[in-house]
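What follows is one structure encoded as structure tokens, with my remarks underneath.
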């Protein structure tokens with residue numbers, strides 16, 4: 001064997017040993033693989049479509065968010081889009097709860113029927129972004145008058161055209177906050193927080209969507225367009241401020257990495273790769289492209305699974321530069337969640353009769369140490385037009401299912 005071949009063999013062995021060691025070092029990989037999936041928010045074209053107790057139904061469901069409360073109950077939120085799948089018009093903020101704090105959403109029958117957080121008038125309510133704070137659940141959401149839309153010119157059911165969102169009080173996008181202190185059973189009337197938590201003169205706005213976090217030091221952090229919203233003070237009685245982030249995206253995720261720092265992982269502007277910045281409540285560094293996380297300019301979701309060894313941060317998005325149907329869940333073992341080297345495609349656990357899975361997502365850690373994920377799916381009846389129905393899938397899987405993926 002020549003010296004070059006010998007050196008090459010050493011490199012190959014070293015790389016193989018490192019990869020093998022990384023897998024072996026996580027004891028979760030030795031457990032039996034588990035996954036389960038089913039449609040949770042059923043669109044109007046599906047058998048037994050979801051409707052409110054009033055009988056009101058929805059063409060489509062989009063923009064999911066999920067959290068586990070202090071009791072262990074799971075709350076799943078979504079936008080109920082009345083007439084089509086688009087971002088404008090009559091959209092209600094709806095949700096489901098698990099029937100008990102202990103069933104973890106194992107089966108479709110474990111959930112209560114569809115309820116409404118808010119849907120006042122023909123307005124556009126959405127971008128659910130909950131955060132659990134002791135016995136209080138804060139739910140941030142966005143709202144605009146139904147006569148307006150982001151770019152204007154959209155046709156409403158009565159034939160009128162929407163106006164373009166502008167910086168006037170009536171025409172701008174508003175930030176609202178509602179709370180629950182009974183495990184999501186009831187919600188307070190939403191309070192408009194726009195004047196204190198949205199930059200002056202900003203017309204369009206988006207909070208989350210997804211979820212906020214509670215830091216190890218006690219503060220709450222909620223991602224929003226161009227900023228973080230910070231909750232200080234005692235649990236359930238927070239005072240709120242905003243932290244402006246230069247270069248932040250229109251839709252952001254937030255997590256506290258195992259090293260105690262904060263990481264924003266944002267939707268990129270053009271299609272390509274995720275935009276990431278790290279920092280603290282005192283300030284963030286610049287956003288930079290993460291070339292290891294391809295993204296088709298869509299929302300993603302992130303979850304701090306645990307901070308003790310082996311520390312794990314979970315990330316989910318469509319791992320493609322140009323399509324939303326390449327959904328993948330990944331694990332990072334880095335203290336700063338720098339690299340997500342292990343992952344698995346969701347299509348490895350296919351689900352029939354739900355359309356084409358992919359798009360927005362949200363994750364939570366369930367009481368039985370599984371990962372619960374809500375993922376959008378598009379029926380694509382008119383090739384992505386406004387008539388294509390959208391539903392939302394609920395997935396449960398364990399760490400072993402990710403770790404033992406065929407591409408690891």
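Here the Cβ of each residue, glycine as well, is placed from N, Cα and C on the backbone.
Record check, Swiss-Prot: substrate site residues include 62, 81, 87, 150, 267, 324, 325, 333, 334, 339, 378, 379, 380, and the candidate from 138, 305, 360 also listed there is 360.
If you take the C-beta of residue 334 (substrate binding site) and look for same-chain residues 6 or more apart in sequence within under 8 angstroms, you find 257, 258, 313. The local packing around residue 398 (N-linked glycosylation site), expressed as other Cβ atoms within 10 Å of its Cβ over all shown chains, amounts to 20. Residue 237 (N-linked glycosylation site) sits 31 Å from residue 360 (substrate binding site), taking the CA atoms of both as reference points. Between the CA atoms of residue 87 (substrate binding site) and residue 398 (N-linked glycosylation site) there is a gap of 33 Å, rounded to the nearest whole number.
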